[in-house]
2 protein chains.
Amino acid sequence: MVILGIDPGLANTGWGIVEERRGEVRCRAYGCIETSSGSDLAARLRRIADELTAVVDRYRPQEAAVEGIYFGANVRSAIPTAHARGAALVACSLCGVEVGEYTPMQIKQAVVGTGAADKTQVTYMVRTLLHLDHDPKPDHAADALACAVCHAHLHRTRELSGGAYTQEKGNPYA
Amino acid sequence: MVILGIDPGLANTGWGIVEERRGEVRCRAYGCIETSSGSDLAARLRRIADELTAVVDRYRPQEAAVEGIYFGANVRSAIPTAHARGAALVACSLCGVEVGEYTPMQIKQAVVGTGAADKTQVTYMVRTLLHLDHDPKPDHAADALACAVCHAHLHRTRELSGGAYTQEKGNPYA
């Protein structure tokens, strides 16, 4: 299964494409959509939606996984991220790609083994798990790949359990 | 000029269409897009974007005005609104409709004359200014009409000042 991971942000939205086959997860591509603070908000959100649509058209993921917002953030920093997240979710839905949502803690837990992991540990584990010969950069792309890996693990767990382990049970956002 | 006002919310997104001609503002239509908490987030946001697109297709507004988020809100209540707002802004941009953004205080100031106005006062003034023979309901639709009226006033002020009064000067979101 091909999975699109998304780490939404107004200035930087990371994306990563991974392919899961019999428990083996490989990286196909990753990148970061940058929008300029000089543009108006609607144009920036449109750009995020357009670029994600282009990624879906190119790599044809069957499912997407989007990182959630840390509820401990303050309103002023959470709102632009939530705007970008809304744009990303609309883009996925318009492309017909089903979306799983994961908290930052769930992603760290899945990739590093602890919800308290820092950025360096996440990047290191993404590199190791995806057999990359370099650190995926920028951090937003690494986080998007981590989100896709988290979704791949859950997909594999569901497959092995014959569907008994559902996303609803594992995902407080669902 | 035909203006689409939007009061975004995940469960209820109000919309209103007004027409401004030589300082006279009239109501053309209004409504509210409801999404069920039983659906997943991406589907709810997609529905908001789709319904707003249908409103634009039907009434052909030249410009849109979107209410901003009150920064005093807490993160948990602000995030769903910001998701909906992101979806609404992407829909407007995809339709080629330029968007003005206004804080709740700016809208109350424009419609009631004070930023401290309550919902009843806003609804009463929207009804009066738009010569309606009834209160526009629900509140989300009244707020969307208020946002459109606010934009119409600004548009009129810009016209009368020969463009000297720009939205940038009047709008902290711009």
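Positions of Cβ are set from backbone N, Cα and C atoms, glycine also.
Some features that TrEMBL has for this protein:
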- B:Asp7: active site (ACT_SITE)
- B:Asp7, B:His140: Mg(2+) 1 binding site (BINDING)
- B:Glu67: active site (ACT_SITE)
- B:Glu67: Mg(2+) 2 binding site (BINDING)
- B:His140: active site (ACT_SITE)
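TrEMBL feature annotations superimposed on the structure.
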residue	record	DSSP class
B:Asp7	active site	strand
B:Glu67	active site	strand
B:His140	Mg(2+) 1 binding site	helix
Note: in the chain of B:Asp7 (active site), residues six or more apart in sequence with C-beta under 8 angstroms of its C-beta are B:Thr13, B:Gly14, B:Trp15, B:Glu67, B:His140, B:Ala141, B:Asp143, B:Ala144, B:Cys147
CB neighbours within 10 A of B:Glu67 (active site), counting all protein chains shown, number 26
